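Novice: Got a structure for you, written out below as structure tokens; questions coming shortly.
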Amino acid sequence: MSLANVVVIGAQWGDEGKGKITDLLSRSADVVVRYQGGVNAGHTIVVDDKVLKLHLIPSGILYPETICLIGSGTVIDPKVMLKELDMLLENSIDISGLQLASTAHVTMPYHRLLDEAMEQQRGDQRIGTTGRGIGPTYADKSQRNGIRVLDLLDSQRLRERLRGPLQEKNRLLEQIYGVAPLDSEQVIEEYLGYGQRLAPHVVDCIQTIHQAARSRKNILFEGAQGTLLDLDHGTYPYVTSSNPISGGACIGAGVGPTLIDRVIGVAKAYTTRVGEGPFPTELEGSINEQLCDRGGEFGTTTGRRRRCGWFDGVIGRYAVAVNGLDCLAITKLDVLDELDEIRVCVAYELNGERIEHFPSSAEDFARCHPIFETLPGWQCTTADCRRLEDLPTTAMDYLRFLADLMEVPIAIVSLGANRDQTIVVEDPIHGPKRALLSA
């Protein structure tokens with residue numbers, strides 16, 4: 001039986017259900033690697049009717065034999081990470097397989113304060129940041145002024161590394177944003193304490209991954225957020241500060257592209273977005289409320305109500321292209337169960353012309369009007385279906401329509417939050433690379 005190293009990415013604006021899909025695939029993985037992002041992302045896993053909400057720790061932590069590595073491309077809030085570890089321990093989940101890259105950057109208290117202050121100052125130009133300090137952490141990383149996990153393990157080095165940044169950030173907080181300064185000694189002592197608790201999990205990320213590759217272990221790379229939030233390829237400036245696309249796995253984990261065998265994109269059967277920015281298929285009124293309520297569309301990280309809309313095939317095809325998707329996992333199909341008809345965006349109208357590509361300008365994107373095709377609904381429950389043939393004919397037709405529109409086959413269909421509410425057409429890790437559910 002062949003094995004594969006797989007990247008799991010979000011094919012929309014995040015919140016697609018990657019946590020469940022990664023959890024499902026983690027059962028077949030030897031190593032699960034989170035390669036970018038921080039506590040601005042979140043995923044929800046349901047185990048034995050228990051809802052576990054994680055922001056930093058990969059879903060694979062639920063499997064004792066699986067190594068879960070938080071890679072160099074991530075930014076770590078140690079306070080949040082330790083809370084997650086404590087929550088897992090309280091639920092009798094073994095955390096010995098968790099490993100943390102020594103070179104991952106650390107979100108400091110001043111990053112969070114600056115993030116909130118800068119977003120507030122933007123006023124009407126706000127971008128919808130989560131306020132968790134992710135952008136300022138990545139900014140310090142780019143300016144070569146950041147703190148890394150390895151710095152938390154050495155008192156002298158941390159004091160030296162923080163001397164300049166703390167002075168600079170306190171000056172910014174006080175003089176520019178009117179925020180009380182931080183107590184430098186208190187910050188240093190607090191983060192040295194975090195370092196002591198995290199020390200048993202800290203490893204050389206590159207050595208860990210490549211040792212696994214040499215041993216022919218299969219590796220699952222887990223992205224956070226989604227394609228349209230990518231810093232370089234998303235709806236800029238309404239994006240995150242890292243690269244959630246599949247190429248980000250190479251940089252954030254420290255591997256070459258030849259190590260990756262397949263890329264699976266996760267997309268909801270409709271579309272959601274949190275925060276600001278254009279959203280051509282966004283719904284208002286009763287259908288929006290219905291999707292939000294049935295889908296439980298509230299952010300894991302922010303608790304904000306998500307904006308809901310019809311499935312957008314234009315951004316879907318874009319996600320296929322920029323990620324090199326081999327197959328799709330379609331989630332929350334069951335949320336559409338009660339609708340008598342379902343619309344799918346197949347193109348946009350921009351300045352009176354039909355376009356089938358994603359505009360690079362946010363201003364142009366905001367002027368796009370969706371061109372829809374309408375399909376019949378199935379108006380019966382799908383949550384109990386476990387095989388493709390159990391699905392209503394119109395639900396199968398809808399999935400085939402999406403596969404044809406996206407020009408990529410569907411490997412997995414999710415019909416609820418629980419693990420068993422899933423139809424696996426083919427295991428992307430163990431199965432042969434062939435056409436799955438397609439038109």
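A Cβ is built for glycine as well, from the same backbone N, Cα and C atoms used for every other residue.
Swiss-Prot lists these features:
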type	residues	note
ACT_SITE	Asp15	active site, proton acceptor
ACT_SITE	His43	active site, proton donor
BINDING	14-20, 42-44, Arg306, 332-334, 414-416	GTP binding site
BINDING	Asp15, Glu16, Gly17, Lys18, Asn40, Ala41, Gly42, His43, Thr130, Arg144, Gln225, Thr240, Arg304	IMP binding site
BINDING	Asp15, Gly42	Mg(2+) binding site
BINDING	Thr300, Thr301, Thr302, Gly303, Arg304, Arg305, Arg306	substrate binding site
Novice: Could you give the Cα-Cα distance between Leu415 (GTP binding site) and Asp15 (active site, proton acceptor), in whole Å?
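Specialist: About 15 Å separate the Cα atoms of these two residues.
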Novice: Using Cβ atoms only, which residues of the same chain lie under 8 Å from Arg304 (IMP binding site) while being at least 6 residues apart in sequence?
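Specialist: Set apart from Arg304 (IMP binding site) by at least 6 residues yet with Cβ under 8 Å, we have Val274, Gly275, Phe298.
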Novice: Which residues, sitting 6 or more apart from Arg306 (substrate binding site) on the same chain, put a CB under 8 Å from its CB?
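Specialist: The answer is Asp15, Thr272, Arg273, Val274, Cys292, Glu297, Phe298, Gly299.
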Novice: Widest Cα span across the IMP binders Asp15, Glu16, Gly17, Lys18, Asn40, Ala41, Gly42, His43, Thr130, Arg144, Gln225, Thr240, Arg304, in Å?
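Specialist: Across Asp15, Glu16, Gly17, Lys18, Asn40, Ala41, Gly42, His43, Thr130, Arg144, Gln225, Thr240, Arg304, the two farthest Cα atoms sit 34 Å apart.
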Novice: In the structure shown, with every protein chain counted, which of the binding-site residues Gly17, Gly303 has the densest set of Cβ atoms within 10 angstroms of its Cβ?
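Specialist: In terms of Cβ crowding, the pick is Gly17.
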Novice: Quick check for the class: what is the C-alpha distance, in angstrom and rounded, between Leu333 (GTP binding site) and the residue listed as 'active site, proton donor'?
Specialist: 18
Novice: Among the recorded positions listed here, Lys20, His43, Arg305, whose Cβ has the fewest other Cβ atoms inside 10 Å?
Specialist: Arg305
Novice: Rank aside, I only need the closest one: which of the binding-site residues Thr130, Gly303, Arg305 has its C-alpha nearest to that of Thr44 (GTP binding site)?
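Specialist: Given the candidates Thr130, Gly303, Arg305, the nearest one is Gly303.
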Novice: Near Thr130 (IMP binding site), how many other Cβ atoms are within 10 Å of its Cβ?
Specialist: 24
Novice: In terms of DSSP three-state secondary structure, what is the assignment for Asn40 (IMP binding site)?
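Specialist: The residue in question, Asn40 (IMP binding site), is coil (DSSP, three-state).
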